[in-house]
Amino acid sequence: VFSRDVSCIPYYEECQKTADWLLSRTKHKPKFAIICGSGLGMLAETLQDQEVFKYSDIPNFPQSTVQGHVGQLVFGELKRKACVYMQGRFHMYEGHSLYKVTFPVRVFKQLGVETLIVTNAAGSLADSYKVGDIMVIKDHVNFPGLAGYNALSGPNDERFGPRFPSMSDTYDKDLRGLALDLSIKLGYSHFVQEGVYCMVGGPNFETIAEARLLHKLGIDAVGMSTAPEVVVAKHCGLKVFGLSLITNQVLKEYGSNEAVNHEKVLEISKKRAGILQDFVTELVAQINSNNTN
Ligand SMILES: O=P(O)(O)O[C@@H]1C[C@H](O)[C@@H](CO)O1
């Protein structure tokens, strides 16, 4: 379930076939790919001149099974920059292999994408964060990856990247700086944070003991995605930028009547998607004007 079958699927060719299929059907040549987190599909609404491809029509593409993940690629222009939005990501807990979870990222690379922007819904462990805050991801802890469930497990194809890639500078420093400057210009600085995201396997939310453990480890926000996509993006040379929307506080004390559920996560995502949308749009515009990419 977790990694690519070692019998050497012609993986590069499979990704290329999917990329060629898309390129022959869209006039856009995206330099940016944006992955929409849970309930954040509407981030794609600001795209001009849209072309939409349902996952079910795209060769080799997995299917979304989670509520709040529509299941389509949307190509278009954001401030005159060609982009592709993934409305609906794939999670390990859905039973997808990590090869399938990260397949779109490699397709993006073969489409000519240079920068990957990941978004997600996450629970906060940091005491200072509030529901509705946006966290610029500084770094991540890939718990499944540390335990051997890594998207790069299996035979390595050097055409994508090296066997042992460095991950010490994964979330692009210039883009993070740009985003934090932008948050001041947009008047967002009181709800924009910078911190460490941790991926857990899910699909259950954390126990109190698990939450306390993650908190002790210095993790600011926890979710069930992102790390595999980011590891694969870094492996194949994409610039990476990430935003977590804080949809809930993770309970660290026993005896509370509050409990998180996916509906509450989607409710906050829906409320804050507009702000996130403006943030991403302005960031892409700035990357243009500052020649950061
Ligand atoms: O796709 P993301 O990481 O935004 O989704 C989060 C994690 C789970 O899939 C879900 C829990 O509500 O939201």
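Positions of Cβ are set from backbone N, Cα and C atoms, glycine also.
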Q. Which one of S38, S56, S244, S256 goes with H69, R89, F90, H91, A121, S225 at the phosphate site, as TrEMBL has it?
A. S38
Q: Quick one: of S38, S225, N248, which of the binding-site residues has the smallest count of other CB atoms within 10 A?
A: N248
Q. For the binding-site residues S38, H69, F90, A121, which residues place their CB under 6 A from an atom of ligand 1?
A. S38, A121
Q. Which value in Å gives the longest Cα to Cα span across the phosphate site residues S38, H69, R89, F90, H91, A121, S225 as recorded?
A. 14
Q.
If you compare CA-to-CA distances from N248 (purine D-ribonucleoside binding site) to each of the binding-site residues S38, H69, H91, S225, which comes out shortest?
A. S38
Q) How many Å lie between the Cα of H69 (phosphate binding site) and the Cα of E206 (purine D-ribonucleoside binding site)? A) 22
Q: Take the domain 'Nucleoside phosphorylase' (31-284) and average the pLDDT across it for me.
A: 96
